[in-house]
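Lifted from TrEMBL, the feature list:
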TRANSMEM  26-44  transmembrane segment
DOMAIN    79-263  domain 'ABC transmembrane type-1'
TRANSMEM  81-107  transmembrane segment
TRANSMEM  113-138  transmembrane segment
TRANSMEM  145-164  transmembrane segment
TRANSMEM  204-228  transmembrane segment
TRANSMEM  240-259  transmembrane segment
Amino acid sequence: MSVLDQATFRPRAAARGALARRLRTVGADVLPPLALLLAVLAAWELAIRLMNVSSFVLPAPSAIAVSLVENHRMLLQAARVTSVEIATGFVLSAVVGVAVALAIVRFERFGRALYPLVVLFQTVPKVALAPIFILWFGYDLAPKVVLIVVIAFFPVAIDMMHGLQSVEPGFIALMRSVGAGRGEILRRVQIPYSLPHLMAGLKVAVTLSVIGAIVGEFAGASAGLGYVIQLSSTQLDTALVFAALVAVSVLGLAFYYALEFAERLLVPWSSKFDPLHRG
């Protein structure tokens, strides 16, 4: 093999090795939960058939799959409505959560007054607020978005606040020694340092946003996956209820992993916060 051939072969071999490692990593992440899911579905199907459980009480996975296929257009249309609610509410909850965290950390006296009120508000059962928001804002997008914000902003605020406050004192002392003010320290040190904490809070918030959208649709809606669940339950179509729940779960997973992908691109140093210790 000539020197030129060796120079060409080595990058290709390295690329193939990197691809193989990536495929092994993806397989390690995907195959175990997929195998567990298939095992649960198989056991579920077998139990339904052996015990002759009525589909009205608990449909078999095969019946749910049939309902998914038969009602896929309606479910897709409902999923689009719910997706808009989730995305809008999640973005606003992130903005509100970050603003609350910055206010608490940046203005200490104000923060000492605000923090207990934020915690107190979090203890209010949000389901009880849904009918009130319907009364105030009607049956369109607004009440669902407001409900999502009040449900989902709290983990963003708390994780962002902890990230801002967890900067090593030596970094802050170093910045002060070169004449940096509190605003510059916040902008140059505390905010970058808190980004992994923020992403952790956002991943919790996006799952809460899905819950908030469905609860809001339960309270009052004429479209969306929550509306489909409520309508099909009144019509005693249990298979369609479960089919809509599957659609909600897929939607939640899509939002969660889209956010995780964005985290790996924008905050690559946050991998040390990964509880599964993935590479």
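Cβ coordinates are placed from backbone N, Cα and C, and glycine is handled just like the others.
Between the transmembrane segment (145-164) and the transmembrane segment (240-259), fewer than three CB pairs separated by 6 or more residues in sequence fall under 8 Å, so the two stretches do not touch. Three or more CB pairs closer than 8 A are found between the transmembrane segment (81-107) and the transmembrane segment (113-138), so contact between the two stretches is assigned (pairs 6 or more residues apart). Same-chain residues lying 6 or more positions outside the transmembrane segment (113-138) and placing a CB less than 8 Å from one of its CB atoms are 100, 103-104, 146-147, 150-151, 154, 157, 212, 215-216, 218-220.
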